[in-house]
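So the structure is just underneath, and the comments pick up after that.
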Amino acid sequence: MLRFVGGLIRPYRSTLAVILLCMLVETAMSLATPWPLKIILDNVIGDHKLTPWLHHLLHPMLERGDKLHVAALAAVALVLIAIVGSAASYIDNYYTESVGQWVAHDLRMRLYQHLQRLSLRYYSTHETGTILSTLTADIQTIQGFASSSTLSILVDLLTILCMLGLMFWLNWDFTLIAVAVTPFLLLFVSRFKKAVKKATHEVRKEQSAILAVAQQDLESIQVVKAFGQEKVEEKLLFDVSEATVGAALKARSIKALLSPVVNITVALCTAVVLWRGAALILAGSMTIGELTVYLAYLAKFFKPVKDLATTTNAVAQAAVGAERIRSILDTDAVIPENPDGLEPETLAGEIEFDHIAFGYDADNPILTDLNLKIKPGQFVGIVGPTGAGKSTVVSLIPRFYDVQSGTVHIDGHDVREYKLKPLRDQIGYVLQDTVLFRGTILENIAFGRPDATKDEIIAAAKLANAHDFIMAMPNGYDTLVGDRGSTLSGGQRQRIGIARVMVRNSPILLLDEPTAALDSESEKLVIDALEKLMKGKTVIAIAHRLSTIRDADQIVVIAGGVVAESGTHDELMAKNGLYADLHRTQFDAGSDKVESPQPQEQ
Ligand code: ADP
């Protein structure tokens, strides 16, 4: 963990040096604080001998009877010590916060970049809520640690050592009695640290469970409402929320033990020092000033010891945070990028699947030996039973996943020979439902190609049959759409999705049942837009309703992990195999929505 955080703070070495210097000054000032009082008590009020260098400095004044002068000097020294210490503390505070904030910023960006590169495989097995909580809360604990703890551990240790040194110098056997309990206190602290770490881990786990539950519910709020499942969802949140309370209280009950234990220990030591000190003063082997220094140090002595323990709390939290961050950063479920890969200007769009085997996990093969050749400009329809792997086949083209064996070729090259972004730039994707982002319609269409001009975007929207409904909206192209496009109808979202792909003008087009969720009225508009979009492109269309791909150059039936049949509609019907079966089922059941009455689009 230290090495991890060490790597993060390395760029801020020079700032850390300034902070360290300030901390050293603070420590020195804190050690010096009781000494002016000692001089007043012992040398001004009392008649004790001065330490040699002070003797050299102040003796002439004391000789002349200028005792009040010395008292004034001591008072001024007291103020100066406070001013220097406070200035150092101010600078230290500002720069430690700055290091913490920048370290958090760096880490956030590193994590986010990694998250963007992680394969879809990662997201199908990890909850978004948990990831978000790492991106926010866990990074915050590292920030807290980086800004307050790293150096203060050092300074705390140094303060303890210096105080011990000075106390031994004043009266070594008395010091032994005064600090006798320290080892026990440290033992307690180290035990304490382990318990706190464990409890903190539990709290963090429950907290991220809250996020995960809430996120899942809010994301599908419409379904929850439609099925009247609010109470069930509330119960889910109630359980994790209650568990969080339990875990937090348990953690607090451990953490809260620290202060009382330290305070009682301080009181015990102070009592011993007062009692023994009084005896020593009466016996003449200690001065009142020395006892004052002891009392002041003792009060201060336990603060760094206690701080060390509080720091252990920050360390424990940061260690948990670091573990969770590392678990994401160390995931190498990224699609490997080929740095010297090909960067195609425009592909012709020839696609070949050559003995493909693929499964989302190794034990569960979805495709076993899939072979398929698609010529540039061809329109290929993919059909097959639900779960046969139609979407999976399509997702191998833009390398959302890499195959386990075999090769996907585009224009004669293995897809892995291309650089990822240029490859994906050549591919347009229209899915069953188009996800829109919070922003204007214009921005949402430009998502397909950020450098598209407004004219290009409007032209694309016109071709996609979206221009008219966009212009009918209050702010036209500048109308804001809500989260995920919830303010638009399904058909409108699809047409924006098509416009988005239209501006991209990519030679390969993948359609994953883009009309499946539409009623017949908006379906007509979408199909018309799609036909314009498909012109001159290699198109692979997954179809549930066979009517949509009837005119395809090639229809491919995927079943049992392989291409079970392929040919034109007429050829496959004549063959009287799987396709003909599927066709009969749809025709008999009348499930082909084109022929059945549907509600109108609102
Ligand atoms: P189709 O498009 O033919 O309905 P899919 O390609 O969507 O089929 O899915 C094929 C199989 O792979 C299904 O059994 C499905 O449950 C599984 N599957 C799909 N996506 C994932 C994923 N991200 N992680 C794990 N399994 C998946």
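The backbone N, Cα and C atoms fix where each Cβ goes, and this holds for glycine too.
Predicted automatically and left uncurated, TrEMBL annotations should be read as such.
TrEMBL assigns the feature transmembrane segment to one of the listed ranges (16-35, 256-275), namely 256-275. Non-local neighbours of the transmembrane segment (256-275) in the same chain are 174, 177-179, 181, 185, 188-189, 192, 291, 294-295, 298-299, 302, 305-306, 309-310; each lies 6+ residues outside the stretch with a CB under 8 Å from one of its CB atoms.
Through the fold, the transmembrane segment (68-91) approaches residues 18-19, 22-23, 25-26, 29-30, 32-33, 35-37, 39-40, 43-44, 58, 61-62 of its own chain, all at least 6 residues removed from its boundaries and within a Cβ separation under 8 Å. Model confidence over the domain 'ABC transporter' (351-585) is summarised by a mean pLDDT of 88.
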